[in-house]
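What TrEMBL lists as substrate binding site is Asp22, Phe23, Asn24, Arg118, Arg151. Residues or ranges marked as ATP binding site in TrEMBL: Lys200, Glu318, Gly347, Gly348, Glu349, Thr350.
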Amino acid sequence: MHINSLRKIKNLKNKIVFLRSDFNVPIIEGKIQDDYKISQGLETIEWLVTRGARVIIATHLAKPSGWQKEFSLKPIARRLQLLLKRPVKFLPGVIEDKVKTTIAKMKEGEIVMLENLRFYSGEYDNDLRFAKTLATGVDIYVNDAFAVSHRQQASVVAIKKYLPAYAGFLLEKELRALLKVARPRKPLVVVMGGVKASTKTPLISKLYLQATYILLGGAMANDFLKYQGYPVGRSLVHADQEPVVKKFFSGKKLKKKIMLPSDVLVQNKKGMVRISLVADVKKDECILDIGPQTIAAYADIIKTAQTLVWNGPLGKFEDKPFRHGTIAVATLIAARSSGLAYGLVGGGETVDALKLTKMIQYVDWISTAGGAMLTYLSGEAMPGLQKIIY
Ligand code: 3PG
């Protein structure tokens, strides 16, 4: 894989760089809940600034429709300034004349941050005119936003029609980490949870040949259990997932490498919680976590891995009584990583769960991406990477 790295740019002095970052961080009532994505982007900005570039930082936040004040990037610009220990000027627009005039007046090493790109429909529409305006007055485009590189959006795709495009350091790191999974040291063990099977099954299909085991949990496992004929009571299931799930069965027999929970934690309508074998889930019960027998079986497998990938919680981990399975698996993955196995974890909720173990530092790579990581590993198109990797 050849990456058109930022390192290849000979002279950055006074060059105006449009840096597409992904600072789509969780914000509640104006307060940033987690700044991992911002802190991972600092290295590229430092590199540009210390070489005399004039840096325009552009990102999206959430999925606003039009101008929605609660999705303004002001708090992100403030946090970036704090982390960088350098001034970051927030511009309350993106393509307006006033914004362009300020950019034209920037001095060597200065940083500005644009307002939320998704306040403009042109961004969502991958609109060429919008992209051209973004590129006007700019010398170089740098993509450091792996997490949004699966989207067909103007600042990720169309803009490359007008500017030479390079990869930032975070993008490079993400790609190199994912390569370790695409060409794994074996045994490769994949742990998949979360809600909807269809978002994960392309990846299961793709990694199936390479993987020694694929361990399933979370609500998506309910669809597999149901297809196999187990009672799932009032558990979250998706009727439309049946064709997706079917591919992993021959008749009612699950393909060899895929493991489903053998026991689960269930809660009935009255709030009573108990451990149940998957065959014994009652009509008024809801599956909310994997059970101890499953944890033990998954632990035995995780302990054999040389490469580990994890995406998606194994239960309703945001509720304390149902986080045990997710935390146990997170702990096992962290303990096995950094030496014994190469461990890669991705997805917002998955990383939140991992943090609860206080062992996050042992995992080899925490991807800043959720959907993009799944798309990339599934071998699907990543339009944001075109012209940047080949
Ligand atoms: C993410 O958080 O996964 C990325 O920022 C992409 O966001 P999106 O799913 O809103 O495009």
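Cβ from N, Cα, C; glycine included.
Feature map: TrEMBL annotations on the structure.
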residue: Phe23; record: substrate binding site; contacts (Cβ under 8 Å, 6+ apart): Lys37, Ile38, Gly41, Ile57, Thr59, Leu61, Leu73, Ile76, Leu80
residue: Asn24; record: substrate binding site; contacts (Cβ under 8 Å, 6+ apart): Lys37, Thr59, His60, Leu61, Ala62, Ala147, Val148
residue: Arg118; record: substrate binding site; contacts (Cβ under 8 Å, 6+ apart): His60, Leu61, Ala62, Lys63, Pro64, Phe71, Tyr124
residue: Arg151; record: substrate binding site; contacts (Cβ under 8 Å, 6+ apart): Val157, Pro383, Gly384
residue: Lys200; record: ATP binding site; contacts (Cβ under 8 Å, 6+ apart): Met192, Gly194, Met220, Asn311, Gly312, Leu374
residue: Glu318; record: ATP binding site; contacts (Cβ under 8 Å, 6+ apart): Glu349
residue: Gly347; record: ATP binding site; contacts (Cβ under 8 Å, 6+ apart): Gly194, Asn311, Gly312, Ser367, Ala369, Gly370, Met373
residue: Gly348; record: ATP binding site; contacts (Cβ under 8 Å, 6+ apart): Pro26, Gly370
residue: Thr350; record: ATP binding site; contacts (Cβ under 8 Å, 6+ apart): Gly193, Trp310, Asn311, Gly312, Pro313
Binding-site residues (Asp22, Glu349), the one with most neighbouring Cβ atoms at 10 Å: Asp22
Binding-site residues close to ligand 1 - of Phe23, Lys200, Glu318, Gly347, Thr350, only those whose C-beta is under 6 Å away: none
Cα-Cα distance maximum in Å, computed over every pair in Lys200, Glu318, Gly347, Gly348, Glu349, Thr350 that the record assigns to ATP: 20
Residues close to substrate site centre defined by Asp22, Phe23, Asn24, Arg118, Arg151, Cβ within 8 Å: Ser21, Thr59, His60, Leu61, Leu117, Ala145, Ala147, Val148
